[in-house]
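The block underneath contains the structure these notes are about, expressed in structure tokens.
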Amino acid sequence: MEPKEPQSTLLQQNKSKRNKSSIDQGWAWVVMFASFIIMVLSMGYVRTFGILYVEFEERFGASATMTSSTMGFRSVVQSISAFLVHGVVLEFVSVRVVIIFGGFIYGLSVLLKVFATNMSYVILTECIFAGMAHGIVFSPPFVMMSQYFRKHRSFATSLATCGSSLGLMVFAPVLRYLLDQEGYQGALLIYGAILLNIIPCGCLLRPLKPHEIQFNEELPPTKQDMQISSSGSIDKEMTVIASSSLNMEEGENPFEPDQLGSNKQSRLSSVRLALFKMLKAFDFQLFKDLRFLVIMGYTFFGGVGSSVGGLLLPPLCKEMGVSNDESSQLLIILAVVDFVSRFFVGLIADRNWIKKQNIVLITLVIIGTACHCTRFCASFDAFVVLTVVLGLFSGAFYALLSVTIIDILGLSKLSTVLGFVQLYGGLSSVLMYPIFGALRDTTGTYIASYHFVGGCAYLAALMLALEPLASQPYKQTSSKAIKSNPIVKPDL
């Protein structure tokens with residue numbers, strides 16, 4: 001039996017492979033660009049749905065409650081599909097395959113609306129197809145970017161989410177122009193074809209090679225490694241699989257007689273790991289973690305508080321006597337300001353001048369206050385001021401969502417937690433969106449809906465403010481784990 005190489009030699013080999021990897025360089029920026037375009041297309045559709053919202057009300061004579069329920073039920077399907085994708089599907093297929101499939105469904109969901117003859121048909125296609133497609137394509141790119149980036153993670157994530165703003169900036173006037181020039185059916189035919197461009201973007205999302213995956217910095221992933229997260233949990237199964245992958249990269253022949261036994265054990269470990277991960281998707285042990293509960297509460301209210309203000313802007317403008325052209329101009333202003341603010345939010349977050357959680361907390365308070373001031377918007381100029389404020393501060397929630405989760409719970413839990421975040425986001429939407437419509441129908445104005453949105457933003461900020469208290473016991477546990485084994489670092 002050949003003697004094992006010294007630990008220092010393995011460490012040097014691992015560092016050499018990382019230097020040749022795509023982490024924070026090379027193809028990582030291609031992945032970021034592809035994710036950016038995916039955000040442009042998918043979020044451009046979601047954020048311009050307010051224009052289609054008005055079109056559906058006029059074309060099919062639907063009430064505000066029924067039309068807003070479309071967004072709520074779509075979010076339910078979206079959250080369930082995202083939960084299953086993160087918990088189960090990504091354990092068997094790559095992000096690339098998932099995005100390609102989701103892009104096809106997204107384009108199909110818009111094309112099918114061409115044949116709509118009533119609001120029930122629209123609700124069916126929007127909820128099932130568009131909801132499933134958005135749940136498939138929205139968050140997996142952020143999981144891949146978190147693997148490709150470490151030093152520039154906040155900046156890359158924020159830059160990718162800028163695609164949401166650019167999508168609104170581009171598609172708001174384009175959709176308005178298409179509806180005016182081509183009519184309802186022609187506009188949706190062209191829009192659906194545009195969304196199919198998600199497919200080639202998905203082809204660019206190359207999975208990382210085994211030696212490029214980010215492990216703890218101090219030690220190479222040997223068979224004795226045990227990755228320890230910030231909560232002190234140990235993932236032995238993942239270490240075995242990673243170790244066998246590294247052995248393959250180092251040139252061991254898997255078909256040599258002395259390797260057959262270990263490879264058979266590795267395959268059995270792979271099967272056990274896959275089954276374990278499938279069960280983990282429905283494992284509610286995370287609910288015992290106070291930090292996870294804080295994240296759930298924060299995202300439950302924060303998604304509504306940070307996004308609905310811009311979504312309800314077109315119907316509010318129509319109610320206040322603002323023309324369709326001026327309403328489209330407001331959406332463009334919102335998109336431009338949001339794009340710039342997300343870019344700078346990423347830069348500021350990477351500098352670590354202020355905790356990322358505090359950045360989001362401050363923006364949520366400002367958004368809540370702005371929503372409560374909508375009753376003072378009696379002119380186009382006042383709406384411009386409101387739009388600029390919403391654009392400046394509404395993007396931080398999504399721009400720093402994955403980074404905030406990593407800072408609180410660690411990179412190893414990102415995919416699982418994102419699945420739960422999408423699930424709770426859907427639950428939030430199905431409860432909240434009908435309330436917006438009901439408030440409008442009851443009071444006769446969308447101002448009441450904006451007051452409700454402002455309250456949600458305040459609640460999200462309150463939940464995030466409780467994070468230091470929730471994290472304190474786990475920081476003490478992590479410190480004890482590091483003292484007992486000083487060469488092991490928490491997940492970064």
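Glycine is treated like the rest: Cβ placed from N, Cα and C.
Summarising the annotation, TrEMBL assigns domain 'Major facilitator superfamily (MFS) profile' to 269-492.
Taken from TrEMBL, the feature transmembrane segment applies to 27-52 (among others).
The transmembrane segment annotation in TrEMBL covers 97-115 (among others).
Annotation comment: TrEMBL describes 121-143 (among others) as transmembrane segment.
What TrEMBL records for 155-178 (among others) is transmembrane segment.
If you look up TrEMBL, you'll see 184-205 (among others) marked as transmembrane segment.
Taken from TrEMBL, the feature transmembrane segment covers 292-316 (among others). Taking Cβ pairs closer than 8 Å, the transmembrane segment (292-316) reaches residues 47, 49-51, 53-54, 64, 71, 168, 286, 327, 330-331, 334, 338, 360, 363-364, 367-368, 370-371, 374, 377, 383, 387, 390-391, 394-398, 401, 404-405, 408-409, 417, 420-421, 424-425, 427-429, 432, 436, 440, 446-447, 449-450, 453-454, 456-460, 463-464, 466-467, 470 in its own chain, all 6 or more past its ends.
Summarising the annotation, TrEMBL assigns transmembrane segment to 328-347 (among others).
According to TrEMBL, the transmembrane segment annotation covers 359-377 (among others).
The transmembrane segment annotation in TrEMBL covers 383-405 (among others).
Positions annotated as transmembrane segment by TrEMBL: 417-436 (among others). Counting only same-chain residues 6+ beyond the ends of the transmembrane segment (417-436), those with a CB under 8 A from a CB of the stretch are 65, 68-69, 71-80, 82-87, 135, 138-139, 142-143, 281, 286, 292, 295-296, 299-301, 303-304, 308, 312, 401-402, 405, 409, 446, 449, 452-453, 456.
Residues or ranges marked as transmembrane segment by TrEMBL: 448-466 (among others).
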Top Cβ-contact partner of the transmembrane segment (184-205) among 27-52, 97-115, 121-143, 328-347, 448-466 (pairs under 8 Å): 97-115
Non-local residues, at least 6 beyond the ends, that sit with Cβ under 8 Å of the transmembrane segment (121-143): 31, 34-35, 38-39, 42-43, 45-46, 56, 60, 66, 69-70, 73-83, 85-86, 90, 95, 98-99, 101-103, 105-106, 108-110, 112-113, 115, 157, 160, 198, 202, 205, 401-402, 414-415, 418, 421-422
Averaged pLDDT, computed only over the residues in the domain 'Major facilitator superfamily (MFS) profile' (269-492): 78
